[in-house]
Structures are given as C-alpha cells and as structure tokens.
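Novice: Structure provided below as structure tokens; questions to follow.
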Ligand code: SAM
C-alpha cells in the first residue's frame, strides 16, 4: 500500500538525518556553541536500518542520508552497506546522501561500491578564506580533495550553494562556470529561517528572483523540465552548457508536489521541513520486535502531513519560523 497524504500526494522519498552533529559550523545553519541531541536518545544503526526498511516496504523509492554531517556518524558505512541490499533487490531506486564533502576522500570509493550513484555536496564559495569564515571550522582543500575522490570513484555530484547576500552572490557566476566545467550541476538555495543562529538572517537573505535577474545579464538561461525528484527548478545555461537549479522555499512555494518526509536520528518523523508537528517512531519501534506498531504510527503521521510551509524572513520577525536547526531534520 502506497503512503498517500490527505492532499493526494504519494510519499516516496525519505530523508534521514543520521546525526545532528557536524564538523562544520556554517554561520547560517548553526550557532557556534550548539546544544546537540543527547547521545543516549540516538537510534542505533540497526534501528535506523529497521525504520528505513519499513519505509521502503511502505513505498519509499528514494532514500537520502543527511544530517548534521552524515559521514561523521560512527560506522556510517555499515548503514549504507546494509541499506544497499534494497538497491540490489530493486525495492529502492536510489540511495544517496548530502554531505559537506569533508570526509569524502575516505568514503567515496566505498559509497560507489555500495551502489550510490549521485551525491549532493554543499559548497558556498571557492575562496579558501571565505570558506573558512562561513563554515567556521572547515577547510576548502579537504572538500576539494573529497570532490576529486568522488568524481574519480564515478559518483555524479550536484553542488548546493546557499545564496547569501554580500557573501557569495558576486561569486556565483564563477562557481557556476567551475561546476559546469567539471560536469557538475549547481543548485542555489534561499536561506531559510530555521533555528537560532548568531547573526541576523535578514542581512543574509537573498531572494533568488534577484539572483536570476542578475545572472541573466551575463548568461542565457532557458527553463527546462529537468527534475531530480526534488523542489529545484532548472535552467540550461547556454554559455556553459550546464544546468543551474533554483530552490526557492521563501519566494515560491513548491509544496503541492511534495513527496517526502524526514526522519531524525532519534526516530522523530517530520512531515514538513517548515512545520513543528512531528511523530515519535522510536517508541513504537522499540515496543515490539515486529513492525506493525511502527507501520501504524507512520500511517497515522502521513495522515496529518500538512499542506505546506510558510517561512518568513523580515525585520519585524526576529524569531525563526521553525525553532529547530536544519541539522536536526537535514537540509
Ligand atoms: N552536512 C551536510 C551538508 O553540508 O550538506 C548535510 C546537512 S546540511 C544541514 C544540508 C544543507 O542544508 C546544506 O546545503 C546547507 O547549506 C543547508 N542549510 C543549512 N541551514 C540552512 C538554512 N537555514 N537555509 C537554507 N539552507 C540551509
């Protein structure tokens, strides 16, 4: 039985935040001094595998590991290897992950060996000093080495960059040329008001309609129907021959085609990135060795998936629309 929500949307995509911890502290994502979920509340890798398997049995066809930084979770490749059995059986169409790239040199070959074909790498600048400033703890050289390793292992890469006013807006044409020159798509994302950070988001927020207008002064962008199952709208860039995606949670709501739910590392299921409502799956998972209780809890949760999100960033709204950080539910 497919999972169908009250608005007739089929849920076929599960994103799993395997840890809320990260080896970076990107300024728009986290405060420098973050309180993380207590380790004792974490699901084990076996429990995460069991939950993912229930979702796959209920119709999930695409599964993305995210975080926090998924590749800093201890023994994460054990989970990837376990989940890859669903690729082999044909139950799952795609197993992928979103990463900051810092650990890719170590894991790229094994990811490819597990049947991962495409990954998203988050990268907001190609300037080493700016990279260190925005990530607080990151080193660009390590990420570049990770991208090289991933490409050498045959993984297709999509780069994700959060568009930040007066930080990387002027650099995005160069980033796009670089990404397309290396055969990578680039997607730009509007910053979302999730979790308290140390800075004012109003100063960082750049509506992508403005970015697109500015890019169109230099490049010929044509809308294309290309889709990867996510909310990005793509254009073809005549001058580079590559694809540029726009994810616009602030200026354009794309919830009508939402096909996803998000599981945290403590077994909490969020039916919408931009809403607080959630369902606890850890208790029903642990209450029985069979999967009936957890399957019922998933059905109940899908039955209250909301129509959409409603993010606001302006000077009158000082509190974030959603109190949890992106690292809890995964970007
Ligand atoms: N650590 C991994 C990574 O860096 O890709 C996965 C988790 S990270 C939270 C996923 C994505 O969310 C990254 O591309 C990050 O830039 C983005 N992100 C974090 N906070 C955001 C915010 N407030 N608004 C928009 N994107 C955000």
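Numbers here mean position along the shown chain, with the first residue as 1.
Yeah, the Cβs are placed from backbone N, Cα and C, and that goes for glycine too.
Feature table excerpt (TrEMBL):
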DOMAIN    6-231  domain 'Radical SAM core'
BINDING   15, 64, 98, 158, 260, 261, 262  GTP binding site
BINDING   22, 26, 29  [4Fe-4S] cluster 1 binding site
BINDING   28, 68, 122, 192  S-adenosyl-L-methionine binding site
BINDING   255, 258, 272  [4Fe-4S] cluster 2 binding site
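Help me picture where these features are in the structure shown.
Specialist: Over the domain 'Radical SAM core' (6-231), the average per-residue pLDDT in this prediction is 96.
Residues within less than 8 Å, Cβ to Cβ, of residue 260 (GTP binding site) and separated from it by at least 6 positions along the same chain comprise 11, 13, 14, 15.
Contacts of residue 22 ([4Fe-4S] cluster 1 binding site) defined by a Cβ separation under 8 A and a same-chain sequence distance of 6+ are given as 29, 30, 67, 68, 69, 72, 100, 327, in order along the sequence.
Around residue 122 (S-adenosyl-L-methionine binding site), the same-chain residues at least 6 positions away in sequence with a Cβ under 8 Å from its Cβ are 98, 99, 100, 101, 159, 160, 161, 162, 331.
Residue 255 ([4Fe-4S] cluster 2 binding site) has a Cβ environment of 18 other Cβ atoms inside 10 Å.
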Novice: What are the other residues, in sequence order, whose C-beta lies within 8 angstroms of the center of the C-beta atoms of 255, 258, 272 at the [4Fe-4S] cluster 2 site?
Specialist: 260, 271, 273, 274, 305, 306, 307, 308, 309
Novice: List nothing but the one residue from 26, 29, 192, 258, 261 whose Cβ has the fewest other Cβ atoms within 10 Å; the candidates are the binding-site residues.
Specialist: 26
Novice: So which of 64, 255, 258, 260, 272, listed as binding-site residues, have a Cβ under 6 Å from an atom of ligand 1?
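Specialist: If the test is a Cβ under 6 Å from any atom of ligand 1, the answer is none.
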Novice: Counting distance between Cα atoms, which of the binding-site residues 64, 258, 261, 262, 272 is nearest residue 192 (S-adenosyl-L-methionine binding site)?
Specialist: 272
Novice: Whole-number answer please: how many Å between the C-alpha atoms of residue 28 (S-adenosyl-L-methionine binding site) and residue 272 ([4Fe-4S] cluster 2 binding site)?
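Specialist: Distance (Cα to Cα, whole Å): 20 Å.
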Novice: Where the distance is taken from Cα to Cα, which of the binding-site residues 158, 262, 272 turns out closest to residue 26 ([4Fe-4S] cluster 1 binding site)?
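Specialist: That would be 158, the closest of 158, 262, 272 to residue 26 ([4Fe-4S] cluster 1 binding site).
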Novice: How big is the Cα-to-Cα gap, in Å, between residue 258 ([4Fe-4S] cluster 2 binding site) and residue 64 (GTP binding site)?
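Specialist: Spelling it out, the Cα of residue 258 ([4Fe-4S] cluster 2 binding site) and the Cα of residue 64 (GTP binding site) are 15 Å apart.
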